[in-house]
Amino acid sequence: MEFAELIKTPRADNVVLHCPFHLAVEGTLCLTGHHLIFSSRRQDNAEELWLLHSNIDSIEKRFVGSLGTIVIKCKDLRIIQLDIPGMEECLNIASSIEVLSTLDSVTLMYPFFYRPMFEVLEDGWSSFLLEQEFEHLSSVTNEWRLSYVNKEFSVCPSYPPVAIVPKSIDDEALRKVALFRHGGRFPVLSYYHKKNGMAMMRSSQPLTGTNGRRCKEDEKLVNSTLRSGRRGFVIDTRPLALAQQARAKGGGFEQEVHYPQWRRIHKYIERFHILQESFIKLVEACNDQSHNMDRWLSKLEASNWLSHIKELLTAACLAAQCIDREGASVLVHGSEGTDSTLQVTSLAQIILDPRCRTIRGFEALVVREWLQAGHPFQQRCAQSAYSNSKQKWEAPVFLLFLECVWQIHRQFPCSFEFNEQFLIMLFEHAYASQFGTFLGNNENERAKLKLPQKTMSLWSWVNRPEELSRFQNPLYEANSLVIWPSVAPQSLQLWEGVFLRWNRPSKFLEEAEEERINIIKYNKELQAKLNSHVMAEGR
Amino acid sequence: MEHIRMPKVENVRLLDRLSSRRAVVGTLYLTATHVIFVENGSETRKETWVLHSQISSIEKQATTATGCPLLIRCKNFQVIQLVIPQERDCHDVYISLIRLARPVKYEELYCFSFNPKLDKEEREQGWKLVDLNEEYNRMGVPNSYWQISDVNRDYGVCDSYPTEVYVPKSATAHIIVGSSKFRSRRRFPALSYYCKDNNASICRSSQPLSGFSARCLEDEQMLQAIRKANPGSDFIYVVDTRPKLNAMANRAAGKGYENEDNYSNIKFQFIGIENIHVMRNSLQKMLEVCELKSPSMSDFLWGLENSGWLKHIKAIMDAGIFIAKAVAEEGVSVLVHCSDGWDRTAQVCSVASLLLDPYYRTMKGFMVLIEKDWVSFGHKFNHRYGNLDGDPKEISPVIDQFIECVWQLMEQFPCAFEFNERFLIHIQHHIYSCQFGNFLCNSQKERRELKIKERTYSLWAHLWKNRSDYLNPLYRPGHSQTQGTLHPQIAPCNFLYKFWSGMYNRFEKGLHPRQSVTDYLMAVKEETQQLEEELEVLQERLANLQRSQSGNNKVKSKQQDKSKQFGLYTSNNSLANTPQEYSNDLKSFPSRSPSQGDEDSALILTQDNLKSSDPDLSANSDQESGVEDLSCRSPSGGGCLPSEDSGKDSDEAVFLAG
């Protein structure tokens, strides 16, 4: 397919661009296969706007006489308006954008066409291998092994080819366990707490069904993570009633009789469409132009977004508390084990493991607990909060995770190596990107698409020193402790950096960040200067 | 002290509101000025001190198997839950506190016994720190348009006004007196702020006694005079900060608002800020939400909305923004009033001044602003903040709302203010503490009669002495946010108004960010300053070195000192904390080992590592105040704190006090 066929009007002049908090500018609009490009003619302000078609969530058009107006709502929640003279031009442009922003085939996406302008110092596709993680683990314990049972993706299609499992469980047993777990997602190691040797495992629900099916291998696997005489916690991300209902559909939960050393705790973390609706309502409230204070708070409340944040953080804190304070191992699952499960296990690691609060460590966490663990990014992030089409797989699961990290970051502003911009960048790239990292729904699909060969990894770009410097938190001081966030409503705030990003003047806040950076920078300069003086004097 | 029925109760439990597991046992003491709770055992001896004047309500709840619960709510938003083993003891404590918390004479207030050990000269210097004459000169008056009037020199015209007020030069004594007779409580229009760049001004008054048709020539001339004092504009705004309905209702009582037909060249404008009763109820509702035990997100947001608190804050801000815009952008003078002109008018004038003039956004300037718009113009501190026992319907969080407006602005303009959040919180604390004389009484007249300046100390001097604790590290005099008028976003802006947990949940440290960016940056800046000094010394030394070849040892040892200091804030910064109750399910499961328990408390301690001038220090609150007070009153003369092992003598020392 040629993109040119889809673009009837590749260029329009005298177009006026309206962005919030900016004066309207006149310029030229160009459409390419993957971008909408607007460049102003003014000499003093020759700024260009490049917008990926894949970032466009919805488009509306309206006419006043022959002047057409297109309102473009983006997945990063930005809204821009273009006034295009000429009805035909406007209609052509609108229909091209509509088609180009909703292409079906993954291989037509921009990452397959993107050619980086920078030299690749380190190939991000091989920056975070599970083998490296295992090597790190082997230095502290020998209770675990690497299993290649899923090498061909035949045991579990949504798992990576390699997994960390208890040493005492062989591949044959894993195959049997996989048959007993939804989607073949057998329990694997998610996190090992060096401080006390406790483990956090994740899986999907057991397929007990209504007649209470059991699987000896599964019981053995789960129990093998316990020290003798100790007990563990199963954190089920569904309420008990939902877990019971799941039995009718062949699912279920670990029953006490068969897992006597385990205690189940049910938490309620919302799923798919409920989260998506909440996301849409929240963004609607944030874009509300009314002056009424009451309406803002009740709309914020009605969106339930912050309730989801609170529930999620609470569940993650509970998992971390079981491990660090109760000295117990933990198994986390919901139904499929690809959404709420990953939210809980990854957030618990942010709380427990100082490594995950560094830039490198956080990237590794996203790769390990989200990408390799088979969170279906392509389905979940296909549309954002402005989409009108009713597709049922979209959900801001990853965004909720990022926001929870931000909430913890806000409470411990000096304990993270990265800044808020880093989290916002990940949100943007999960929804639309020139990089192949978030394409596909799991490692299996990524292998079939040959993403590592055909596209550039986000990490190849982010980890370049000049990019990294934008994402560093100037206040960072390594904090080796467990950090317990408060989950009280008074402690949680709306993530303005994402939700109000385009609706508030950011100048004063940016100036404040600049001041913070300068204060630290100047201090470091003086220290360096002093040290060099002392050395000079020493000589 | 005849009001103390029960000076000491042992085995009292202090409950932690967030976690029922964290109750501590200790001894409760009642002194002439404070309620003190001292934790039993452990070398840390954590203490909680509460000034009687901070107590807003005491509630005795139904006796349970474990004892008799006593709930003390404070005006600085601290809530203390005690359980006293014996009902009879609890009753005695209750009765004593009821009396102690409601003094009937000014002399009973803490500021008359508080002795920070300063000599007379230092005390006088303290009171001179804020000088309103100087302030009006800074604004640019007197000049050819404005002059000081002595018409109120003996409070003869208006007893709630200061003796010295600025009025337009063309307003004769006859006009002023005439106008004052046509205004509620004779509060005639007077200058609050003058903008020397364009001659526009903010004036303030009370409502006119216009009823349905009354007129007053002198009052009309007074407003004319204000307009003429700004030759650049042919009209003035008259801003009535009340909702229109309230103002209309006042007409029936012979009061009301200006009729545009009678006054030439005015533009009249209502801005609906609700009255003190609505505000009192709103705060009450919001505090109920803050007090909820483990509320859901919906409970909290719904309750916050239902309280209407943020809506009221926004209304006050909107009024301030309107006036600042009129003065700065249109160059038009504004006359502001409400009913009596001492509550909403004070709020609105001070918010507008703060937006207009960067000076008021400095620490010193902010003190001046409160002194100018609140203290001197007769804001009724005693009635509003219930310093003496009085009509509960007079109490209302008027200045609290102004302080919150400042905080909301600080959130939007992080580099614009020289001071930080702590400064605001401590000012709020001391408005209620009565530890300093600044906010006593209802007017300047009453304060002079009471000889406040001779008998008490000034808060401003105390804050100024500790100013390094109150600095905003992001403030830089040359920064663009510290210049000119602030322009807050007008619409959409609802989401810019946020709940201030630092104030209303101030004592629940667990709810706040565990690391303070402000403190961190201040420590870095402090170190930077040391580095600068050292570098200077070094460079000098290096220059000398080139001449002679000796002496680098000293420099090296200095360098080591520095790195030690650097480690100080590093360790403070990497503090840990303890988990909350994330689930009820864990309670019945394996109990923690004692070693973990110890670890918890150790961690909590590092968390409480606060600044010494912080009045909410629970470990040794009111360090100077409380301790000094006890020592100067104790017959044994010892400065020791009440303690279990110090025996009877020191106990008596505490309770015989006063």
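Backbone N, Cα and C atoms are what each Cβ position is placed from, and that goes for glycine too.
TrEMBL annotations: computationally assigned, not manually curated.
Here B:Cys338 (active site, phosphocysteine intermediate) comes close to B:Ser206, B:Gln207, B:Asp240, B:Thr241, B:Arg242, B:Ile273, B:Arg344, B:Thr345: these same-chain residues lie at least six apart in sequence, with C-beta atoms under 8 angstroms from its C-beta. Classification of B:Cys338 (active site, phosphocysteine intermediate) by DSSP places it in coil, neither helical nor stranded. If you look up TrEMBL, you'll see B:Cys338 marked as active site, phosphocysteine intermediate.
Residues or ranges marked as substrate binding site in TrEMBL: B:Asn275, B:Ile276, B:Cys338, B:Ser339, B:Asp340, B:Gly341, B:Trp342, B:Asp343, B:Arg344. Counting only same-chain residues six or more apart in sequence, the Cβ atoms lying under 8 angstroms from the Cβ of B:Asp340 (substrate binding site) belong to B:Ser184, B:Arg185, B:Arg187, B:Ser206, B:Gln207.
Annotation comment: TrEMBL describes B:521-548 as coiled coil.
As annotated by TrEMBL, compositional bias 'Polar residues' applies to B:568-596.
What TrEMBL lists as domain 'Myotubularin phosphatase' is B:126-504.
According to DSSP, the domain 'Tyrosine specific protein phosphatases' (B:307-351) comprises 31 helix, 4 strand, 10 coil. What TrEMBL lists as domain 'Tyrosine specific protein phosphatases' is B:307-351.
The region 'Disordered' annotation in TrEMBL covers B:548-658.
Neighbour counts of Cβ atoms within 10 Å were compared across the binding-site residues B:Asn275, B:Arg344; the minimum falls on B:Asn275. Compute the center of the Cβ atoms of B:Asn275, B:Ile276, B:Cys338, B:Ser339, B:Asp340, B:Gly341, B:Trp342, B:Asp343, B:Arg344, which mark the site for substrate; besides them, the chain residues with Cβ within 8 Å of that center are B:Ser206, B:Thr241, B:Arg242, B:Thr345. The Cβ of B:Trp342 (substrate binding site) lies under 8 Å from the Cβ of B:Ser160, B:Arg187, B:Ser206, B:Phe377, B:Gly378, B:His379, B:Lys380, each on the same chain and at least six residues away in sequence.
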